[in-house]
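S.K.: Below are the structure tokens for one structure; questions will follow.
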Amino acid sequence: MFNVMALRESVWEMLDASLKKRDTTTQFDRGDISFIIIAGAMVFFMIPGIAFLYSGLSRRKSALSLIWAVSASNAVCIFQWYFWGYSLAFSPTATNGFIGNLANFGLINVLGDPSPGSPLIPDLLYSFYQMEFACVTVGILMGGIAERGRVLPAMIITFLWMTLVYCPLACWPWNINGWAFKYGVFDYAGGGPVEIGSGIGGLAYSWVLGRRQEKELQNFRPHNVSMVNLGTFMLWFGWLGFNGGSAFGANLRAIMAVWNSMLAAAFGGIVWCLLDYRLERKYTMVGFCSGTIAGLVAATPASGYIHPWAAVIMGIVTGVVCNYATKVKSLIHVDDALDLFAEHAVGGILGLLANAFFASRSIIALDGVNLNVTGGWVDHNWKQLYIQVAYICAVCSYTFVVTALIVKCVDCIPGLHLRTTVEGEKLGLDEVEIGEYANDYIEVRRHFMDWTTFGNGTSAHRSSVAGDKHDHPTLAQRDQQQNLHIEESNPDTNSADEKTLDLPHADAASVSS
């Protein structure tokens, strides 16, 4: 006879076993997990933001090559991080304090254990989130090749740089066995690995790569300021996940980091714009965007440590110092075309120094994990200043030397020379490296007598015939040459035809270049 009681007991045993299994797999708060997944996706959105920003800041003839370099470096970084990058940065069994080992090669054993960065989220999620940090860093680094660097060597350099520079830099302050972590360094979301790493690394890359041709350095202007603004606000959006997510949970510290990021960015943008107005009497959009990014950079290492009033001070100081730091490249004769040093390196340094003065125990404890960490000078922890300075010096010197060595060694490999040719630089990297263009255009032609000056007057002088940006004859020039040839072969041609000569093509990009 069918035993109902036995069946009921077996069902209850199965349910009990299922609940116990469920408890072991959900030791983490689902809200924290969801928040970090979304924050990681927001950080990923910074990749096209960097691409559009760099493209807008460059000349039209090299705009697409920078989008390509940022996009492709993202793919290389994902492979490197899966292959051995995460293990070299965060494997907890390495004890040398400098770099991890290969215990988690290929994400082996990276599953549901508490992460090395926080007990609030699992190791697998932490590895994804940190991978996006690495992708943003190499995307910023790609600004070093602007308008003269070949993209294939840049991809080789990306893999090597990730392995020999970024992974050690990430290990130092964030691995539980890193020397900077044990030393007591305050680096919330990457002032050293991300900002100084990309800024100083980009400076070293530009130094080895060499300056652009002098003609390319004259009258340089961004070709698409609207794209600069679009890229900046995409970055700002992603930065909220970058800094907010570095609390590794949906907690008050994450909200404080978001608030501090907003304040630092706003004040940095306003101050930079006002400084530019002082010189040019124009409220430049590029200036506002540059200051905004500088403020966000400074907030990266500091937003999870300081009070909002300190973020305001930090944003103002960063806007001023980073603005003047753009002059450094001229003093040292390094063609840092997109100001990686002035914005990312200097901004990261200022954010790390802000921690020495303004880091507060009450802000750090808002995550519910770091309850007994003493802040900086506001908590009477005077030694924090020299700890931060020592860390800054170590990161800057290591990054510059190793990056320069990597770039120089790759340049010596046959077929991997870093720079395009003089002719390639003249034509633009979009044509010689990519074969496509960010912005196509329609050539506009005017009759000579239809061209008027500003007002109601008519131009009395013909513009000089100079060719387009490639020094190729324009359609107008070819028409002029053809008309002159006809006149020479037929002297009786009506001289009135001269009035229909076309102006040379006024190419917007050639004007900006």
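Cβ from N, Cα, C; glycine included.
Caution: TrEMBL annotation is automatic and unverified by curators.
Annotations for this protein, taken from TrEMBL, read as follows:
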{"type": "COMPBIAS", "residues": "496-505", "note": "compositional bias 'Basic and acidic residues'"}
{"type": "DOMAIN", "residues": "35-438", "note": "domain 'Ammonium transporter AmtB-like'"}
{"type": "REGION", "residues": "462-513", "note": "region 'Disordered'"}
{"type": "TRANSMEM", "residues": "33-54", "note": "transmembrane segment"}
{"type": "TRANSMEM", "residues": "66-84", "note": "transmembrane segment"}
{"type": "TRANSMEM", "residues": "124-145", "note": "transmembrane segment"}
{"type": "TRANSMEM", "residues": "152-176", "note": "transmembrane segment"}
{"type": "TRANSMEM", "residues": "188-210", "note": "transmembrane segment"}
{"type": "TRANSMEM", "residues": "222-242", "note": "transmembrane segment"}
{"type": "TRANSMEM", "residues": "254-275", "note": "transmembrane segment"}
{"type": "TRANSMEM", "residues": "282-300", "note": "transmembrane segment"}
{"type": "TRANSMEM", "residues": "306-325", "note": "transmembrane segment"}
{"type": "TRANSMEM", "residues": "345-365", "note": "transmembrane segment"}
{"type": "TRANSMEM", "residues": "385-407", "note": "transmembrane segment"}
S.K.: Please work out whether the transmembrane segment (124-145) lies in contact with the transmembrane segment (306-325), by counting C-beta pairs under 8 angstroms that are 6 or more apart in sequence and asking whether there are at least 3.
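M.R.: Result for the transmembrane segment (124-145) with the transmembrane segment (306-325) is no.
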S.K.: Counting only residues 6+ away from its ends, which parts of the chain sit with a Cβ under 8 Å from the transmembrane segment (345-365)?
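M.R.: Distant contacts of the transmembrane segment (345-365): 186-188, 190-192, 194-196, 198-200, 203, 253, 256, 293-295, 297-302, 304-307, 310, 313-314, 317-318, 321-322, 325, 371, 373-379, 381, 384-385, 387-389, 391-392, 396.
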S.K.: Do any residues, 6 or more residues outside the transmembrane segment (188-210), come within under 8 Å Cβ-to-Cβ of it, and if so which ones?
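M.R.: For the transmembrane segment (188-210), the sequence-distant neighbours (Cβ-Cβ under 8 Å, at least 6 residues beyond its ends) are 133, 136-138, 140-141, 143-145, 148-149, 157, 161, 165-166, 169-170, 172-174, 180, 242-243, 246, 257, 297, 300-305, 334-338, 340-341, 343-349, 351-352, 355, 391-392, 395-396, 399-401, 403-404, 407-408, 411, 418-419.
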S.K.: Given the transmembrane segment (222-242), which of the listed stretches 152-176, 254-275, 385-407 has the most Cβ pairs that are under 8 Å apart from it?
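M.R.: Maximum Cβ contact count belongs to 254-275.
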S.K.: Under a criterion of three or more Cβ pairs within a distance under 8 Å and sequence separation of at least 6, are the transmembrane segment (152-176) and the transmembrane segment (385-407) in contact?
M.R.: yes
S.K.: Please determine whether the transmembrane segment (254-275) and the transmembrane segment (385-407) are in contact (criterion: at least three Cβ-Cβ distances under 8 Å, sequence separation 6 or more).
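M.R.: No; fewer than 3 Cβ pairs under 8 Å.
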S.K.: With Cβ-Cβ distances below 8 Å as the criterion, list the same-chain residues six or more beyond the ends of the transmembrane segment (385-407) that contact it, or say none.
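M.R.: Sequence-remote neighbours of the transmembrane segment (385-407) are 157, 160-161, 164-165, 168-169, 172-173, 180, 183-187, 192-193, 196-197, 200-201, 203-205, 207-209, 345, 349, 352-353, 355-357, 376-377, 418.
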